[in-house]
Amino acid sequence: MDFQSQKLYSSKFNKKRLNQEQVRFLERSFSANKKLEPELKLQLANQLGVPPRQVAIWYQNKRARWKTQSLELDYNTLQVKLENALSEKRKLEKDVKCLQEELRRAQEMMFSMNNERNYHQQHHQQQQNQQPLNFVSCNSTGSSEEGGSSSFHEDHEVLQIDELYACLIGADRSTWS
(Lines of atoms letter the chains of each structure in order from A and count residues from 1; the text may use other names and numbers.)
(Lines give C-alpha, C1' and ligand atoms only; values in the text may rest on other atoms or scores of the structure.)
Protein backbone atom coordinates (compact mmCIF):
# COMPACT_ATOMS: atom_id res chain seq x y z
CA MET A 1 0.00 0.00 0.00
CA ASP A 2 1.29 3.40 -0.86
CA PHE A 3 1.08 6.40 1.47
CA GLN A 4 -2.00 7.91 -0.21
CA SER A 5 -3.97 4.63 0.07
CA GLN A 6 -2.92 4.22 3.72
CA LYS A 7 -4.11 7.74 4.52
CA LEU A 8 -7.47 7.13 2.80
CA TYR A 9 -7.85 3.72 4.48
CA SER A 10 -6.98 5.01 7.94
CA SER A 11 -9.27 8.07 7.67
CA LYS A 12 -12.23 5.82 6.78
CA PHE A 13 -11.83 3.57 9.78
CA ASN A 14 -10.42 5.98 12.34
CA LYS A 15 -13.43 8.27 12.39
CA LYS A 16 -14.38 9.19 15.87
CA ARG A 17 -17.97 8.86 16.93
CA LEU A 18 -19.63 11.97 18.22
CA ASN A 19 -20.13 12.03 21.96
CA GLN A 20 -23.50 12.91 23.56
CA GLU A 21 -22.56 16.51 24.17
CA GLN A 22 -21.54 16.97 20.52
CA VAL A 23 -24.77 15.36 19.34
CA ARG A 24 -26.85 17.64 21.61
CA PHE A 25 -24.96 20.63 20.22
CA LEU A 26 -25.67 19.52 16.64
CA GLU A 27 -29.34 18.86 17.54
CA ARG A 28 -29.71 22.43 18.83
CA SER A 29 -28.06 23.74 15.69
CA PHE A 30 -30.33 21.58 13.51
CA SER A 31 -33.48 22.80 15.27
CA ALA A 32 -32.44 26.37 14.38
CA ASN A 33 -31.21 25.61 10.82
CA LYS A 34 -32.43 22.58 8.86
CA LYS A 35 -30.08 23.33 5.99
CA LEU A 36 -26.32 23.39 6.53
CA GLU A 37 -24.60 26.35 4.86
CA PRO A 38 -20.82 26.08 4.21
CA GLU A 39 -19.95 28.76 6.79
CA LEU A 40 -22.04 27.05 9.46
CA LYS A 41 -20.47 23.68 8.61
CA LEU A 42 -16.95 25.07 9.17
CA GLN A 43 -18.00 26.87 12.35
CA LEU A 44 -19.62 23.72 13.82
CA ALA A 45 -16.65 21.55 12.82
CA ASN A 46 -14.24 23.94 14.57
CA GLN A 47 -16.39 24.16 17.70
CA LEU A 48 -16.81 20.38 17.93
CA GLY A 49 -13.26 19.46 16.86
CA VAL A 50 -14.43 17.13 14.06
CA PRO A 51 -13.91 17.23 10.29
CA PRO A 52 -16.40 19.37 8.33
CA ARG A 53 -17.35 16.29 6.30
CA GLN A 54 -18.51 14.53 9.47
CA VAL A 55 -20.75 17.51 10.34
CA ALA A 56 -22.14 17.49 6.77
CA ILE A 57 -22.90 13.75 6.92
CA TRP A 58 -24.53 14.09 10.36
CA TYR A 59 -26.75 16.91 8.99
CA GLN A 60 -27.64 14.88 5.91
CA ASN A 61 -28.62 11.86 8.00
CA LYS A 62 -30.51 13.99 10.51
CA ARG A 63 -32.45 15.75 7.74
CA ALA A 64 -33.42 12.38 6.23
CA ARG A 65 -34.63 11.11 9.65
CA TRP A 66 -36.46 14.41 10.25
CA LYS A 67 -38.28 14.16 6.90
CA THR A 68 -39.30 10.59 7.66
CA GLN A 69 -40.60 11.61 11.08
CA SER A 70 -42.46 14.54 9.53
CA LEU A 71 -44.08 12.21 7.01
CA GLU A 72 -45.08 9.82 9.81
CA LEU A 73 -46.59 12.70 11.81
CA ASP A 74 -48.44 13.95 8.74
CA TYR A 75 -49.71 10.44 8.05
CA ASN A 76 -50.91 10.02 11.64
CA THR A 77 -52.63 13.41 11.55
CA LEU A 78 -54.36 12.53 8.28
CA GLN A 79 -55.35 9.14 9.70
CA VAL A 80 -57.03 10.81 12.70
CA LYS A 81 -58.80 13.29 10.41
CA LEU A 82 -60.00 10.42 8.21
CA GLU A 83 -61.33 8.49 11.21
CA ASN A 84 -63.14 11.62 12.44
CA ALA A 85 -64.60 12.25 8.99
CA LEU A 86 -65.80 8.64 8.72
CA SER A 87 -67.35 8.85 12.17
CA GLU A 88 -69.12 12.08 11.22
CA LYS A 89 -70.28 10.46 7.96
CA ARG A 90 -71.78 7.52 9.88
CA LYS A 91 -73.54 9.94 12.25
CA LEU A 92 -74.93 11.95 9.33
CA GLU A 93 -76.10 8.78 7.59
CA LYS A 94 -77.94 7.79 10.78
CA ASP A 95 -79.50 11.26 10.96
CA VAL A 96 -80.57 10.99 7.30
CA LYS A 97 -82.26 7.64 7.99
CA CYS A 98 -84.10 9.12 10.98
CA LEU A 99 -85.21 12.11 8.92
CA GLN A 100 -86.31 9.88 6.05
CA GLU A 101 -88.38 7.80 8.46
CA GLU A 102 -89.88 10.95 9.96
CA LEU A 103 -90.68 12.24 6.46
CA ARG A 104 -92.31 8.92 5.56
CA ARG A 105 -94.50 9.08 8.68
CA ALA A 106 -95.42 12.70 7.94
CA GLN A 107 -96.34 11.79 4.38
CA GLU A 108 -98.49 8.94 5.64
CA MET A 109 -100.23 11.27 8.08
CA MET A 110 -100.76 13.89 5.37
CA PHE A 111 -102.12 11.23 3.01
CA SER A 112 -104.46 10.03 5.73
CA MET A 113 -105.57 13.59 6.50
CA ASN A 114 -106.14 14.32 2.80
CA ASN A 115 -108.22 11.17 2.47
CA GLU A 116 -110.23 12.16 5.54
CA ARG A 117 -110.66 15.72 4.26
CA ASN A 118 -111.75 14.45 0.85
CA TYR A 119 -114.22 12.12 2.50
CA HIS A 120 -115.65 14.96 4.61
CA GLN A 121 -115.81 17.29 1.60
CA GLN A 122 -117.61 14.66 -0.46
CA HIS A 123 -119.94 13.91 2.41
CA HIS A 124 -120.58 17.64 2.95
CA GLN A 125 -121.17 18.14 -0.77
CA GLN A 126 -123.60 15.23 -0.87
CA GLN A 127 -125.52 16.75 2.03
CA GLN A 128 -125.60 20.14 0.34
CA ASN A 129 -126.81 18.58 -2.92
CA GLN A 130 -129.59 16.80 -1.09
CA GLN A 131 -130.67 19.79 1.03
CA PRO A 132 -129.42 23.23 0.04
CA LEU A 133 -129.11 25.49 3.05
CA ASN A 134 -128.57 29.20 3.23
CA PHE A 135 -126.95 30.39 6.46
CA VAL A 136 -124.88 33.20 7.85
CA SER A 137 -121.22 32.62 8.79
CA CYS A 138 -118.73 34.89 10.45
CA ASN A 139 -115.34 35.60 8.90
CA SER A 140 -112.21 36.62 10.81
CA THR A 141 -113.22 40.29 10.94
CA GLY A 142 -116.44 39.46 12.73
CA SER A 143 -118.72 40.59 9.91
CA SER A 144 -121.29 38.18 8.67
CA GLU A 145 -121.73 36.88 5.17
CA GLU A 146 -124.48 34.96 3.60
CA GLY A 147 -123.52 31.97 1.62
CA GLY A 148 -123.87 28.28 1.08
CA SER A 149 -120.63 27.25 2.81
CA SER A 150 -118.49 28.04 5.80
CA SER A 151 -114.76 28.64 6.30
CA PHE A 152 -114.81 26.09 9.13
CA HIS A 153 -113.31 23.28 7.03
CA GLU A 154 -110.47 25.45 5.74
CA ASP A 155 -109.61 26.68 9.25
CA HIS A 156 -109.90 23.15 10.60
CA GLU A 157 -107.57 21.87 7.86
CA VAL A 158 -104.93 24.52 8.59
CA LEU A 159 -105.21 23.76 12.29
CA GLN A 160 -104.73 20.05 11.64
CA ILE A 161 -101.65 20.66 9.49
CA ASP A 162 -100.16 22.97 12.14
CA GLU A 163 -100.90 20.43 14.86
CA LEU A 164 -99.38 17.67 12.76
CA TYR A 165 -96.25 19.71 12.14
CA ALA A 166 -95.91 20.58 15.83
CA CYS A 167 -96.42 16.94 16.73
CA LEU A 168 -93.76 15.79 14.30
CA ILE A 169 -91.23 18.38 15.38
CA GLY A 170 -91.73 17.76 19.08
CA ALA A 171 -92.17 14.00 18.99
CA ASP A 172 -88.96 12.68 17.47
CA ARG A 173 -86.27 15.24 18.29
CA SER A 174 -84.99 12.89 21.00
CA THR A 175 -84.19 10.20 18.40
CA TRP A 176 -81.89 12.48 16.43
CA SER A 177 -78.89 12.28 18.74
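Any Cβ shown, glycine's included, is placed from N, Cα and C.
According to TrEMBL, the protein carries these features:
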DNA_BIND  11-70  DNA-binding region
COILED    68-116  coiled coil
COMPBIAS  140-151  compositional bias 'Low complexity'
DOMAIN    9-69  domain 'Homeobox'
REGION    118-152  region 'Disordered'
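Computed over the domain 'Homeobox' (9-69), the whole-number mean pLDDT of the model equals 88. Helix, strand and coil content of the domain 'Homeobox' (9-69), in residues and according to DSSP, is 47 helix, 0 strand, 14 coil.
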